[in-house]
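Residues or ranges marked as ATP binding site in Swiss-Prot: Gly37, Pro38, Ser39, Gly40, Cys41, Gly42, Lys43, Thr44. Positions annotated as domain 'ABC transporter' by Swiss-Prot: 5-247.
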Amino acid sequence: MAKRLDLKGVNIYYGSFHAVAEVTLSVLPRSVTAFIGPSGCGKTTVLRTLNRMHEVVPGGRVEGSLLLDDEDIYGPGVDPVGVRRAIGMVFQRPNPFPAMSIRDNVVAGLKLQGVRNRKVLDETAEYSLRGANLWDEVKDRLDRPGGGLSGGQQQRLCIARAIAVQPDVLLMDEPCSALDPISTMAIEELISELKQDYTIVIVTHNMQQAARVSDYTAFFNLEAVGKPGRLIEVDDTEKIFSNPSQKATEDYISGRFG
């Protein structure tokens, strides 16, 4: 668990459109790295590239090197499904299988892998729900539909589903944007706990959230409409928010644009 990601000279295309240019950065294990920047700057595109989710869009391709603990996840013969198992994704809006039970939501990935042993499935469901700080709230209704949970609980259910397959990295695409403040606080506390076991990358438009939950922050920006997004700087979160090295970063986090 908790592996390192290294991007070297990564360029991302959709057909002839150059979406993101020349990204080089390292994401360290057992830490939270926040991707920030204005809409359209490429931060979510880069996030999706980390587990090859961008490939579901026709024409999506990557140039450059993207390593998971020195293994090229775009190397010849590498199975994208295996990559997505090692690098899990939690999306912007909670997306549990609404008619499926809470228990079956959590172990859906294991069942797809062919696991049928009930004891293993039950133990994994409990372990994952505890890991997502949801067990005590749902342990007496595991057979009820996941769609019946509140929005915040559904998002934690999705996190439990992601960690059930024991990934090395967790990607989170604005995981709190659709949640109320209390649910947001619960997710932020959970992120701080999960980083003890996982490498976490989070995309957020909330500067206060980035400052609260992340150890490192990467700022992306767009030169102009039609131009590719670029990584402007990446550093310790405290430095990015107190003394950034680039004026564009300072302007963005101070609210002058974006």
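First residue shown is number 1, and so on along the chain.
Glycine residues also receive a Cβ, built from the backbone N, Cα and C atoms like all the rest.
Projection of Swiss-Prot feature records onto the structure.
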{"residue": "Gly40", "record": "ATP binding site", "Cβ contacts under 8 Å, 6 or more apart": "Leu222, Gly229"}
{"residue": "Cys41", "record": "ATP binding site", "Cβ contacts under 8 Å, 6 or more apart": "Phe220, Asn221, Leu222, Gly229"}
{"residue": "Gly42", "record": "ATP binding site", "Cβ contacts under 8 Å, 6 or more apart": "Ile12, Ala19, Val20, Phe220, Leu222, Pro228, Gly229, Arg230"}
{"residue": "Lys43", "record": "ATP binding site", "Cβ contacts under 8 Å, 6 or more apart": "Phe35, Ile36, Gly37, Val203, Ala218, Phe220, Gly229"}
{"residue": "Thr44", "record": "ATP binding site", "Cβ contacts under 8 Å, 6 or more apart": "Phe35, Asp173, Val203"}
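Secondary structure at Gly40 (ATP binding site), as computed by DSSP, is coil. Within 8 A of the CB centroid of the ATP site residues Gly37, Pro38, Ser39, Gly40, Cys41, Gly42, Lys43, Thr44, the other residues of that chain are Thr45, Phe220, Asn221, Leu222, Gly229. Remark: of the binding-site residues Gly37, Pro38, the most isolated position is Pro38 (fewest other Cβ atoms within 10 Å of its Cβ).
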